[in-house]
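Engineer: Structure incoming, see below.
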Amino acid sequence: MEGSDFLLAGVLFLFAAVAAVPLASRLGIGAVLGYLLAGIAIGPWGLGFISDVDEILHFSELGVVFLMFIIGLELNPSKLWQLRRSIFGVGAAQVLLSAALLAGLLMLTDFAWQAAVVGGIGLAMSSTAMALQLMREKGMNRSESGQLGFSVLLFQDLAVIPALALVPLLAGSADEHFDWMKIGMKVLAFVGMLIGGRYLLRPVFRFIAASGVREVFTAATLLLVLGSALFMDALGLSMALGTFIAGVLLAESEYRHELETAIDPFKGLLLGLFFISVGMSLNLGVLYTHLLWVVISVVVLVAVKILVLYLLARLYGVRSSERMQFAGVLSQGGEFAFVLFSTASSQRLFQGDQMALLLVTVTLSMMTTPLLMKLVDKWLSRQFNGPEEEDEKPWVNDDKPQVIVVGFGRFGQVIGRLLMANKMRITVLERDISAVNLMRKYGYKVYYGDATQVDLLRSAGAEAAESIVITCNEPEDTMKLVEICQQHFPHLHILARARGRVEAHELLQAGVTQFSRETFSSALELGRKTLVTLGMHPHQAQRAQLHFRRLDMRMLRELIPMHADTVQISRAREARRELEEIFQREMQQERR
C-alpha cells in the first residue's frame, strides 16, 4: 500500500467510524456492530473504496494487542493464580467440547476429517476483542460471569500454539514443518521473556520516568507493547498473549495508571479499526452463492457454543441469572480463525470454497453477538423487572419512588443506605446482575438494565420521581444520562457524582449544580484533621476548610468557559495566592 493510498485508507476509516458508530448507538445496536457495518460499506464487497483487506486486518490486530496489555495491567500475578481453575478447567473444557462437536458437524457436510478438526478448533475460539468490549459495555468486568469469560478467553489465547502446531501434523507434513528443536527454542525464548520482564521492566521504567518527559514515557510504553507483540509473533505465538504477560508483570508497579493513560487512546482507535477490517473481510459473493449453508452454519455455531458455555457455567456454579450473559458474549467465532484457516489453507487442508465459507460464518457470527446480547438484556429485564414474588417484596412503600439511584457501586451504596434508613422511597437502576440479586435480597426495589434507555427510566418511575442521583463509573454515561433526563424528564432534580474536576466542569456546563466530587470532600476532611494534628485549633481548622471549599467552588464556576485552556493555570496560581492570603489573615486574627 503506497503512502497516498495509506493516507486515503486512514481518512476512510475515520470517516466510517465517525458516521457509523453514532448512528448505530442512536439505533441502539451498539458501537461494535456499527464498526462492522461500516467495514462492509467501504470494503471490496460494498462500495469498494478499500480492497487490500488482509494487510489492514493484520495491522488492526494491534487493537486487540493494546487491549490485552491494559487487561494485564489490571491483573496482578496473585489474581491470575486465583483464576487457574477457571482458566485450565472451564477454558480447556470449552475449547475441547466445542471443537469436538463442531468438527463432528463439519464432517457431516463433506469436510475431510483433517479439515473438520481444524475447522472445529477455529470455530471454537471466540473473539477476544468483541467479547471484552461487550463485557465492558454490559458492566460484566467485575461480575462472576465476566471473570469466567475472561478466563476462557485467556485459555483460548494459550491454545493458539498447539492449534497451529497441529496443522502440519494433520496435513501429513510433520517431518518438514514440525521441528521439535525449534519448539524447544521457542519455549526457552518465552521463559527468557518472562524472567527478563520480571527483573528489568520496573528499573527501566523508573529510569525513564526520572527524565520527567511525558512523551518519552509514552514512547517507551508503545515500544514495550509493540516489542512484546513482535517478539511473540516471531516465536509463532499470540501477539495478544505477549502483551498480556507484559501487562501482568507491570500490574504491581507504581507506573500502572500512567501506563494505562498512555495506551488508552491508541487502544480505542485500533480496536475500532479491527472491527471495521472484520466487516470488510465479509465475502458477500460466497454469502450469496451459499446463503442457506452459511445461515444454517451461523445458527448452529452460535447454538452449539451457547449450549456448551451455558452447561459449563452451570457446572462451575455461576448464578442462573448470569449464565446467559456468559454464554452469549462468547458465542461468536474469533479473529484467531482467520490465522488458523489461512495456515490450514497453505497446507492444502481445505478444498474449494471451504475456507471462504468458514470465514464468512465466523464474520457473521461476530455480527450476531451484539444483537444476541440485546435479546439477553431484554430477557433479563423481563426476569428482573417484572412482578416480584411475595417473599421478595421490599419493605419500602410500593408507591412510586421519590428518588431514582443510578448505579449501586460503593458510592451509590452509601447514598442508597442513607435514603433507605430515612424511609425514602427509592428505586435503583443497575446493570450488574450480581448486584441486582444482592440488592433484592436486602429489600431494595431494583431494575436491571442500561439506565440510558428511556423506556427503562419510565418503567422505574422517572415520570413520578422527584430526584435522580447519578453515580455511574464512566463520565460519558453520566453526561448522556443527564442529557436524557433534561430532555425527557425535565421535572427531575439531577444530582450527580463527579469523578474529578473535568467532569465537574462538564456537569456545570450542562446545568447540573448539585454534584459531589468523590475524593474532594473526604480529602478536605482529612486535610482538616491534619491541620489539627499540626497544632492548629479545631475551630480555626474548620474555618480554613470552609474557606478552601468556597474558594474552590468559586474557581470551578469561574473556569467553566476555559477549563481546557492554559488560562486556567494562571487563574489557579492566583487562587492559591488568594487562599494563602486568607490563611495569613486568619493567623493574624488568632494572634490578636
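The backbone N, Cα and C atoms fix where each Cβ goes, glycine too.
Straight out of Swiss-Prot:
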- 4-24: transmembrane segment (TRANSMEM)
- 29-49: transmembrane segment (TRANSMEM)
- 55-75: transmembrane segment (TRANSMEM)
- 87-107: transmembrane segment (TRANSMEM)
- 115-135: transmembrane segment (TRANSMEM)
- 177-197: transmembrane segment (TRANSMEM)
- 207-227: transmembrane segment (TRANSMEM)
- 230-250: transmembrane segment (TRANSMEM)
- 268-288: transmembrane segment (TRANSMEM)
- 291-311: transmembrane segment (TRANSMEM)
- 324-344: transmembrane segment (TRANSMEM)
- 356-376: transmembrane segment (TRANSMEM)
- 400-519: domain 'RCK N-terminal' (DOMAIN)
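Each of the listed features needs to be described in terms of its position in the shown structure.
Structural biologist: With a threshold of 8 Å between CB atoms, the same-chain residues lying at least 6 positions outside the transmembrane segment (87-107) that come near it are 113, 115-117, 119-121, 123-125, 148, 151-156, 158-159, 300-301, 304-305, 308-309, 312-313, 316, 330.
Counting residues 6+ beyond its ends, the transmembrane segment (207-227) has Cβ neighbours under 8 Å at 62, 65-66, 69, 201, 243, 246, 255, 258-259, 262-263, 266 in the same chain.
Long-range Cβ contacts of the transmembrane segment (268-288) within its own chain (Cβ-Cβ under 8 Å, at least 6 residues beyond either end) map to 13, 16-17, 21, 31-32, 35-46, 50, 53, 56-57, 59-67, 129-130, 133, 294, 335, 338, 353, 356-357, 359-360, 363-364, 366-367.
Same-chain neighbours of the transmembrane segment (356-376): 28-30, 32-33, 36, 119, 122-123, 127, 130-131, 134, 138, 278-279, 281-283, 286-287, 290, 293-294, 297-298, 301-302, 324-325, 328-329, 331-334, 337-338, 341, 350, counting only residues six or more beyond its ends whose CB sits under 8 Å from a CB of the stretch.
Mean pLDDT for the domain 'RCK N-terminal' (400-519) in the predicted structure: 83.
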Engineer: For the domain 'RCK N-terminal' (400-519), DSSP counts of helix, strand and coil?
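Structural biologist: Summed over the domain 'RCK N-terminal' (400-519), the classes give 50 helix, 27 strand, 43 coil.
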